[in-house]
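Colleague: Below is one structure. I have some questions about it.
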Amino acid sequence: MIREIRKVGDPILKTKAKKVEKIDEKVKELARDMIETMKFCNGVGLAAPQVGESLRIIVVDYEDNPIVLINPEIIEMSGEELDYEGCLSVPGVEVPVKRAERIVFKAQDLDGRTKKYRAKGLLARVVQHEVDHLDGMLILDRAVEETLKTEEK
């Protein structure tokens, strides 16, 4: 089922999401809905708070293969990269955001197994962006102000 994307101003987007304690059918259904919603909206990632659920679940589109990450935790970061990001919860806006170039993170899959992942480039950026959502942060909170320019006449 495609779910409504919560937009900037919705309090759930500024709230730290709760850890998933049990991976039951409700969590699996939410994950399926999140994948369907992400694809419908042409997104590359989606966090549960963006569809109104305060749970630490994200989905990312990796080479057209959606991955569900439950209770993701970034454990290593290296390098730094500045690039523009958009967000389904902040429509029509792109802002420059500094992110780690490479990350190591762990998360549970839908079977409850904890796995360790290494990511770089776009995948690393998407995972960091979605984990920010779980911590109540939006791209507007991370925008690099010195790179924002206004047109002067």
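Positions of Cβ are set from backbone N, Cα and C atoms, glycine also.
Here Swiss-Prot flags GLU130 as active site. Look at Swiss-Prot and you will find CYS87, HIS129, HIS133 tagged as Fe cation binding site.
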Colleague: Quick check: in three-state DSSP terms, what is HIS133 (Fe cation binding site)?
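Modeller: In the DSSP reduction, HIS133 (Fe cation binding site) maps to helix.
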Colleague: Counting only residues 6+ apart in the same chain, whose Cβ is under 8 Å from the Cβ of HIS133 (Fe cation binding site)?
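Modeller: Residues satisfying the criterion: LEU13, ALA17, ALA47, PRO49, GLN50, ILE58, SER89.
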Colleague: Measure the Cβ-based neighbour count of HIS129 (Fe cation binding site), defined as the other Cβ atoms within 10 Å of its Cβ.
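Modeller: For HIS129 (Fe cation binding site), the 10 Å Cβ neighbour count is 23.
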Colleague: Only counting partners 6 or more residues apart, tell me which same-chain residues put their Cβ under 8 Å from the Cβ of CYS87 (Fe cation binding site).
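Modeller: Spatial neighbours, sequence-distant, of CYS87 (Fe cation binding site): VAL93, HIS129, LEU138, ILE139.
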Colleague: Could you tally the C-beta atoms, other than its own, that fall within 10 angstroms of the C-beta of the residue listed as 'active site'?
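Modeller: So the number of other Cβ atoms within 10 Å of the residue listed as 'active site' is 24.
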